[in-house]
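Participant: The structure follows.
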Amino acid sequence: MALIQTSLIWVAYAVAVAILFLIASTFVYVYQKPRDRAAAVTIVCIFTTLALLATVLLIPVDVALVSSTSRSSLGRKKDWATPDKVDSIVYTLRIVYYTLYSLDAVLCLLVIPFTYFWYEEYDQDAAEHGEQTAAQRIGGALKWTLGFLIFVVAIFLVGFFVPFAKQAKEDKRLDLDYFKHLLSENHGERALSFGLGFLITVGTVLFVLYTGAGMALLPVAMIKSAPSVSAPTLAANTASQLETNRERQRQLEGRNEGREGGLDSRDRRELEALVREERTLIRRERLAAESSGEDRHWIVKAWIKTEAFFRPLKLIGGLILLVFALVIFASMLITGIDKAKNSICGAHCGYILGHINIFQPLNWVLVKSAKVFPIDYVLFLLLVLFLFSASVVGIATAGIRFLWVTIFKIRKGQTSPQALLMATVLLTLITLAINYSVAMVVAPQYATWGPQTYCDMKTNSLDEQPDCAEHKDLIKPCSELATNPAAQQVCTPSVLSTFINRVTINFPFFGIVLFWAQFAFLGVYLIVFLTTLFKAPTLDQEQIDRDLEEEEDEGLLASTGRRFGAAWSDVTGRATKPANYGATERDERIQ
């Protein structure tokens, strides 16, 4: 029975990873620029996105496996859950966590930088003339990657050793053996804890800025946005206008053919205006083709059809996401206040909370649903995907910046390979921060103990399990503050919570920064949310979809189609009756 239950949990995780693969592929194909697509960049971005999402979605598996060793209805261990069996489950989870975290670090710090520099090293002219070989390109990429890696390792070593250097100097132990001992302590777990804490802290800064803004923008943008004219109708109207424009140009040129001095001033001005309009219409024609998925990957076409089909439900979906975002905001605020007020050790250990003192809605829902796996897994998947989508929206809105300078812009169908790689790095770091935030702030009881309970009765011996079958009122949720020895025998904390607590206890600075950054996240969310309520959202997703050129005239891309008509045209791929918008009365008379 235990093997079947454990196997089902891992099967559910495998199914979730398969779903994540589709989501990661869709994300990459929707945002990348088709004309600049590179197979290596696409594969690296998809695999990295899959790995980082799989890391976060290991939390419900962790909770389900450690919780499967006990009966929450009786507050006691199951008969098969011997200490050796429990240790085996925890050891397996620890290996999976180490593997995924190491994979995320290698992808973020080694593979993506190499791919970025490899793409940057490409010189089309030199390659066409045989002056640049694959070996030269790889050598240049390796050189830059090695330099970047040395820089990162230097920061890591300085950050790791400096806090201990002062104490070692006072104790007169400032030698090489002492620092070797620090690195190898607990088989290197202390060094790994520092590395994980460092990456989470960097990711938290991005989490505050991008995810905080994106969580406010995403629902409001969905509510306020209206679908533009459908892509098929836009293409049909543009073709009609383009034909009229060119016919008028031919008439002007034919009327003045052979005329001494060429066109008169009035006709010349009109012809120049027609030429400018023709260029704009050609851009719009190409834009309509790309928006409808022409010559795009089948994943992009499927995404466009799905988006168009559900477009009329955007308002309802936006309202649901708005409520969900507010619940997350309230849950994080409640936990933050609870930790600041009732933490068992305060800043010395990163504000670890012994047990929930204030009712927290999201944590309560996840704990209750965890009793029937995989309901909690589905809810947790939706939570993670919402925060991930909010991060994408935040990055798409602000772009990739250094201070006030925009380095890259992230747009659907218009993102360069370099920008896509940089965005993937940011999302990797943000996802590590989401890992901390979900486990320690959004749902701390769920992520630490799940639905585990213990029987708070005294027993005659330490090896005997108390029986609360007749005393249900003595069954209590597992807590770090439990004093009954039975709690230590029954309650098994999740592996992730152990990792994070080790980081915040060994390196209190990380714990302080990570905890107070959650309030900064709430502040950014509140500011952006209130701003978008009284002002048009800065992110217009439909406009971004159609913004092919920076100099595109805004008037030519106005939303003129009907809401449901545009959606149905995009689904069927057929245009409604073309409208002669943009044509002048004079053009109509000439026709």
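Glycine is no exception: its Cβ is also placed from the backbone N, Cα and C atoms.
What you are looking at is a predicted structure, and each value in this text was computed from that prediction instead of being measured.
For 8-28, 39-59, 95-115, 144-164, 198-218, 315-335, 378-398, 422-442, 509-529, the entry in Swiss-Prot reads transmembrane segment. Taken from Swiss-Prot, the feature region 'Disordered' applies to 238-266. Marked as compositional bias 'Basic and acidic residues' by Swiss-Prot: 244-266.
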Participant: Counting Cβ pairs under 8 Å that are 6 or more apart in sequence, does the total for the transmembrane segment (198-218) and the transmembrane segment (39-59) reach three or more?
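Facilitator: Judged by the Cβ rule, the two regions do not touch, with the required three close pairs absent.
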Participant: Kindly report the helix/strand/coil residue split of the region 'Disordered' (238-266) according to DSSP, in that order.
Facilitator: 20 helix, 0 strand, 9 coil
Participant: So if I exclude everything within five residues of the ends of the transmembrane segment (509-529), which remaining residues of that chain have a CB under 8 angstroms from its CBs? That is, six or more out.
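Facilitator: Beyond its ends, the transmembrane segment (509-529) has Cβ neighbours at 163, 197-198, 200-201, 204-205, 207-209, 211-213, 215-217, 220, 325, 329, 332-333, 336, 339, 347, 349-351, 436-437, 440-441, 503.
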Participant: Among 8-28, 39-59, 95-115, 422-442, point out the range having the most Cβ pairs under 8 angstroms from the transmembrane segment (378-398).
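Facilitator: Ranking 8-28, 39-59, 95-115, 422-442 by Cβ pairs under 8 Å to the transmembrane segment (378-398) puts 422-442 first.
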Participant: Should anything in the same chain at least six residues away from the transmembrane segment (8-28) have a Cβ under 8 Å from its Cβ atoms, list it; otherwise answer none.
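Facilitator: For the transmembrane segment (8-28), the nonlocal Cβ contacts are 42, 45-47, 49-50, 53-54, 57-58, 61, 64-65, 68, 299, 303, 373-374, 377, 381, 385, 392, 420.
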